[in-house]
Amino acid sequence: MSQLTVAKFGGTSVADADAMSRCAAILEQNPDTRLAVLSASSGVTNLLVALASGEQQPEARATLLQQLTDIQQGILDSLNKPEMLTRHIEDILLHIKELSDSAAISPTKALHDEIVSQGELMSTRLFVELLRHRGTPAVWFDVRKVMRTDDRFSRATPDLATLHAEVTKELKPLCNNQLVVTQGFIGAAQDGRTTTLGRGGSDFSAALLGEALEAGAVEIWTDVPGIYTTDPRLVSDARAIPEISFSEASEMATFGAKVLHPATLQPAVRRQIPVFVGSSKAPEAGGTWIRNSTPSQPLFRALALRRNQVLLTLTSQSMFQAHGFLAEVFGILAKHKISVDLITTSEISVSLTLDAGAELLTDEVQAELGRHCHLKVEHGLALVALIGNRMSEVNGTGTRVFQALENVNIRMICYGASPHNLCFLVEESCANQVITDLHRELLPA
C-alpha cells in the first residue's frame with residue numbers, strides 16, 4: 001500500500017467556482033493526493049436526466065439547456081473565459097443539445113448514459129483549469145479508458161480485472177508525480193459506449209480506483225463533516241462519529257445513510273484502505289475515519305432510515321412442508337435483477353421488502369410470481385436500521401428497543417442474522433418520529 005491518496009468531491013463540493021476553490025485548497029494542503037475524482041456540479045445531473053428522458057417540447061428542452069449553460073458559464077466567468085476551455089465547454093453543450101434532440105425522437109438507455117455522463121466531463125475540465133489558475137499543475141484524464149463495465153446502462157457493473165490492468169497501464173504512471181483529475185460515476189462498455197454506475201456512483205468510482213492504485217487512503221468530500229449518529233436534519237442532537245468500522249459503515253450505507261454509496265466500501269474492505277468522510281465546506285471541522293477495526297465498539301452506534309419501501313407477501317398452501325418454493329420465487333426476482341432487503345417466513349407465506357420496489361415490481365414480475373402464489377403488495381413503508389455491535393449477543397437489547405417503540409405499529413422485524421443491525425419496517429408517516437424516539441433512548445448526547 002502506497003501513501004497515495006484518492007480524493008472524491010461530490011456535486012455540492014464542485015457546484016460553482018467558490019466551491020471548487022475550496023476543493024483546490026484541500027488538494028494543495030495534501031501533496032500525497034494524486035487523484036481527484038469529481039461528480040458533476042450540483043444540479044447538472046438532474047438537468048441532464050431530464051434531457052435524456054425524451055422531453056418532447058423544444059421549448060422545455062431549450063429551458064433545460066439554458067439552465068445547464070448558466071451553471072457552466074458561471075464557472076467560466078470566474079476563470080476569465082479561457083478561449084480553448086470555453087470553446088470545449090460550448091462544444092459539449094452543443095453535443096448535449098444534439099443528443100437530447102435524438103432522445104426526444106427515440107430515447108434509449110445507451111443514449112441516456114451518453115447524455116448524463118457529460119456533467120462529469122464538464123466539471124473535471126473546469127476544475128483542471130481552476131487548479132492551473134491557482135498555480136497547481138494538474139492533468140485531465142478520461143476515466144472511460146480504465147473503468148470498463150458491462151452494458152447494463154444506468155446501473156453498469158465494473159469489470160474489476162480489466163479495471164486493474166488498465167489502471168496499472170494507463171493511470172498509475174500519471175499519478176506517480178502529479179495530480180490527476182478524473183470523473184466519477186461514468187465508465188465504458190467493452191464496445192466503447194459510455195455507461196454510468198447509478199446515482200451515487202462517484203463514491204464507488206473513487207474507491208475502485210483507490211483499490212486499483214493500492215492507495216493509502218480514500219477521501220470522500222461532501223457537504224457534511226462526517227458520518228452522524230443519524231440524519232441531523234431529523235434529530236438536532238445527532239453528532240459526528242470520529243471513527244467507525246467498515247462493518248458498521250457498510251450497514252449504515254446499505255440501510256440508507258446517504259453520506260456514502262452502499263458499494264463504496266467494498267473495494268476499501270478488500271484492500272483494507274482507510275476511508276475518510278469530511279465536508280469540503282468546512283475541512284477544519286474534521287470528519288469520520290472508516291477503518292478495518294476501531295478501539296471503540298459500542299452496543300448502539302447509529303440509526304439509518306430508508307424510505308420508499310415496498311412489502312411483498314407471497315402466500316401459497318403448497319409451501320407447507322415443501323421444498324423449492326423459495327427457490328422459484330428468488331429465481332424470478334434474480335432474473336429481473338431485483339434485490340431483496342429483509343425477509344421473514346411462516347409455514348405458508350414469505351414476506352420480503354424491496355427498495356424503491358414500486359419501480360421494480362412491474363406487471364411482468366407480478367404476473368410471474370402470481371403463477372406460483374397469491375401476492376399482497378403494501379406501499380408507503382420505511383425501513384429503520386439500528387446499527388451497532390454484538391446486539392444479538394447482549395441480553396435485553398430487544399427490550400430497550402421495543403420500549404422506545406411501544407406506540408408504533410411494526411410491520412416486520414429482522415434481527416439476529418447480523419450482529420451489527422436490527423431492522424424493522426414501519427409506516428413511512430411515522431418514520432421520523434421513530435428515529436427521534438430511538439435516538440433519544442439509545443444514543444443520548
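Using the three backbone atoms N, Cα and C, a Cβ is placed for every residue, glycine included.
Caution: TrEMBL annotation is automatic and unverified by curators.
For K8, F9, G10, G11, T222, D223, Y228, R233, K258, V259, the entry in TrEMBL reads ATP binding site. For T45, E120, the entry in TrEMBL reads substrate binding site. The domain 'Aspartate/glutamate/uridylate kinase' feature in TrEMBL is assigned to 4-278. Annotated domain 'Aspartokinase ACT' per TrEMBL: 316-355, 384-442, in sequence order.
Annotated features taken from TrEMBL, shown on the structure.
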| residue | record | DSSP (3 states) |
| --- | --- | --- |
| K8 | ATP binding site | strand |
| T45 | substrate binding site | helix |
| E120 | substrate binding site | helix |
| T222 | ATP binding site | strand |
| Y228 | ATP binding site | strand |
| K258 | ATP binding site | coil |
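In the domain 'Aspartokinase ACT' (316-355), helix, strand and coil residues by DSSP number 14 helix, 10 strand, 16 coil. Non-local contacts of G10 (ATP binding site) by the CB criterion (under 8 A, 6+ apart in sequence, same chain) comprise S39, S202, D203, I220, W221, T222, D223, S280. When each of the binding-site residues K8, K258 is scored by how many other Cβ atoms sit within 10 Å of its Cβ, K258 comes out lowest. Across the domain 'Aspartokinase ACT' (384-442), the model assigns an average pLDDT of 89. A Cβ distance under 8 Å defines the sequence-distant neighbours of the domain 'Aspartokinase ACT' (316-355), meaning residues of its chain 6+ beyond its ends; these are 306, 308-310, 361-362, 364-365, 368-369, 372-374, 381, 383, 412-414, 423, 425. Counted over all residue pairs in K8, F9, G10, G11, T222, D223, Y228, R233, K258, V259, the record's binders of ATP, the longest Cα to Cα distance measures 24 angstrom. Proximity note: of the listed binding-site residues (K8, Y228, K258), none has a CA within 10 Å of the CA of T45 (substrate binding site). For E120 (substrate binding site), the same-chain residues lying six or more positions away in sequence with a CB closer than 8 A to its CB are L38, S39, A40, Q183, G184, F185, I186, S202.
A simple way to gauge crowding: the CB of Y228 (ATP binding site) has 21 other CB atoms within 10 angstroms, across all the protein chains here.
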